[in-house]
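According to Swiss-Prot:
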type: BINDING; residues: 8, 10, 228; note: divalent metal cation 1 binding site
type: BINDING; residues: 39, 84, 174, 226; note: divalent metal cation 2 binding site
type: COMPBIAS; residues: 390-406; note: compositional bias 'Acidic residues'
type: COMPBIAS; residues: 407-418; note: compositional bias 'Basic and acidic residues'
type: REGION; residues: 124-154; note: region 'Lariat recognition loop'
type: REGION; residues: 372-418; note: region 'Disordered'
């Protein structure tokens, strides 16, 4: 099986697909699957951009809306995770995973699927210690704080992934596992990105939860993005001989190293995305403790999943493990017509409803972030006695902002020298 790996998509689907098709023509081959490591930007219309953590002057519709509307269809099956520049309102609709457009599958905030017999897991978002122990309290419309915190990784989702026992072939994360630079050419990386040096030397560059998952899951491959550079490493796990090949890739821009093709052993095709039995059993077991408020949540003890797994297996066999079909929940962007503001903030996605019905679980995604009860009042209008944070207190966790500052400094030095 030939798999294309892409770093940060930033909504530029057209160019990524064209690049892959060019590769196929040159090498007279067929790529079976595209994996994207976050910052996918599944923006369906103008209103979605209000949930995108990008400075307003840089917000663009890009090309995903064409695939959402059906004007275009992804030429290659595509699986993606979320990063820190996403239409977070749409990804919340698909918290458990699902088709974001025809032939384009979102793994969820955490998730595992099979493509053929290749098992692929992933964790969306980036690590921020402040919100790691919180529940998923954010709801659209987001404010200056929640538009950032909504994509911060939560312990709940990590603990679900930590329950996995069956081997994974591939794992995707947006930010890198902390310490991964010890296993590759860190000196070359620091020459390329000198402002990473302090974090590399202090071993704070990257995600602590991702490092825990790397140690536990030991996938054959681990792919990341976020830091906008290509970096390879190989992690030897103990004495059992298992090795994880790590690769981070850049964003989709001319001259950037944003794409890599790998070949992985697999059964012969045709291939399709399928639900993973073990993962859905874990999802079913953990849903009763799904944390939906700010307060600290300890989710480390959820018990065995065996009984849940047997129940899930019977249900999945009835539908041959196939995910539910893609369904649009809001109008797609139309260059000649404005989207109406009457679109609900949190539409109930039919895929999510169908999956929860299959698993015998309640729908909780429109619950109040304060009480955990369902409400039609937007979270931003709900009363709360919890502290609010000034924007200056919020740490910079966006690599784009860091790069912009460094490029500005470089420009200043150039002007000074001129």
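Any Cβ shown, glycine's included, is placed from N, Cα and C.
A map of Swiss-Prot features onto the structure.
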residue: 8; record: divalent metal cation 1 binding site; Cβ neighbours (10 Å): 29
residue: 10; record: divalent metal cation 1 binding site; Cβ neighbours (10 Å): 22
residue: 39; record: divalent metal cation 2 binding site; Cβ neighbours (10 Å): 29
residue: 84; record: divalent metal cation 2 binding site; Cβ neighbours (10 Å): 25
residue: 174; record: divalent metal cation 2 binding site; Cβ neighbours (10 Å): 31
residue: 226; record: divalent metal cation 2 binding site; Cβ neighbours (10 Å): 27
residue: 228; record: divalent metal cation 1 binding site; Cβ neighbours (10 Å): 21
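Within the region 'Lariat recognition loop' (124-154), the DSSP-based counts of helix, strand and coil residues read 7 helix, 2 strand, 22 coil. Close to residue 39 (divalent metal cation 2 binding site), meaning Cα to Cα within 10 A, are the following binding-site residues out of 8, 10, 228: 8, 10. Cα-Cα distance from residue 84 (divalent metal cation 2 binding site) to residue 8 (divalent metal cation 1 binding site): 10 Å (rounded to the nearest whole number). For the region 'Lariat recognition loop' (124-154), the mean pLDDT of the prediction comes to 97. For residue 226 (divalent metal cation 2 binding site) paired with residue 8 (divalent metal cation 1 binding site), the C-alpha to C-alpha distance reads 7 Å.
When Cα-Cα distances from residue 174 (divalent metal cation 2 binding site) are compared across the binding-site residues 8, 10, 228, the shortest belongs to 8.
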